[in-house]
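Feature annotation from TrEMBL assigns region 'Disordered' to 1-24. TrEMBL lists 52-72, 84-112, 137-160, 166-187, 199-219, 261-279 with the feature transmembrane segment. As annotated by TrEMBL, domain 'ABC transmembrane type-2' applies to 52-282.
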Amino acid sequence: MSTSIDSSPTPPPRSGTATRTTPSRVVKRKGMLAHTGLIVGRWLRAQYRSPALIAFTLVQPAIWLLLFGQLFKGVVNLPGFSDSSYIAFLTPGIVMMTALMTSGWNGTTFIADMERGVMDRMLASPVRRGALMAGQLISNATTTILQTILVFAIGIAAGARYDGGVAGYLVTIGASVLVGTAFGSLSNAVALLTRQQEALIAIFQFVSLPLTFLSSIMMDPKLAPHWVEVVARYNPVDWAAVAARQALSADPDWASVGRHSSYLLAFTLLVGYLSTRAFRTYQRSV
């Protein structure tokens, strides 16, 4: 009795049939999210176990706002100043200044981990490498958001008023998070390459002070020398301040908001890429 074998080709799947997701991709995605969450939790616990650090992080921007608000409040009387209230002009600038100054210290935590051997143990563990960077930056972003809310609360209590509504506040928070992420990534890159607290602090001071004073954080560039106004056009901190002030105004120029926000986003992505390259360089050296 002979047995016939059906050698006809297997019919292709019917159109509309769902394509199965590769299990390994799902596992990798879930693993990345889980590991990032663990790293975020680690940094948040480290921050909020130190009451002195919490007080300094939240009180410092309040001091800046009140100090500079009183020191330079007379500039509203100068011809050409773009706002009738200096505290309203200053508040978005202090938000960006706070994001810049706070994020600049990100790299010190990486250096501390290197010195204690924690970073090497992390690299030897199954933790996703991207989670080590992303977790710390997300933790920093939560601090930036809290600082932004506090600065606005103090500014409004001091008399600042904004007609931009919820959209204006959301744009300001988003811009401050981008500033924090960009310069937090830059701080991490410097830390991974230099591995020295002193070098990181020196480089951060060299970068942050010109970015602060060559921008519209505290002064309308129209009242500054022409070369300062030109430099401010290429300053990421100024992009954030301009986008925030436009969004908070009664008649926002959304084209300007979108343009400056796009510049800031592109800068953040570029610095983030450079930071990952620095991390890979560190990995190869250990």
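Glycine is no exception: its Cβ is also placed from the backbone N, Cα and C atoms.
At the 8 Å Cβ cutoff, the transmembrane segment (137-160) and the transmembrane segment (261-279) share fewer than 3 close pairs (sequence separation 6 or more) and do not count as touching. Put simply, of 84-112, 199-219, 261-279, the stretch with the most CB pairs closer than 8 A to the transmembrane segment (52-72) is 84-112. Listed by sequence, the residues of this chain that lie at least six past the ends of the transmembrane segment (199-219) yet keep a Cβ under 8 A from its Cβ atoms are 68, 72, 75, 90, 93-94, 96-97, 100-101, 104-105, 107-108, 111, 183, 186-187, 190-191, 228, 231-232, 235-238, 241-242, 245. Sequence-distant contacts of the transmembrane segment (261-279), counting only residues of its own chain at least 6 positions beyond either end whose CB sits under 8 Å from a CB of the stretch, comprise 129-130, 132-133, 171, 174-175, 178-179, 181-183, 185-186, 188-190, 192-193, 236, 239-240, 243.
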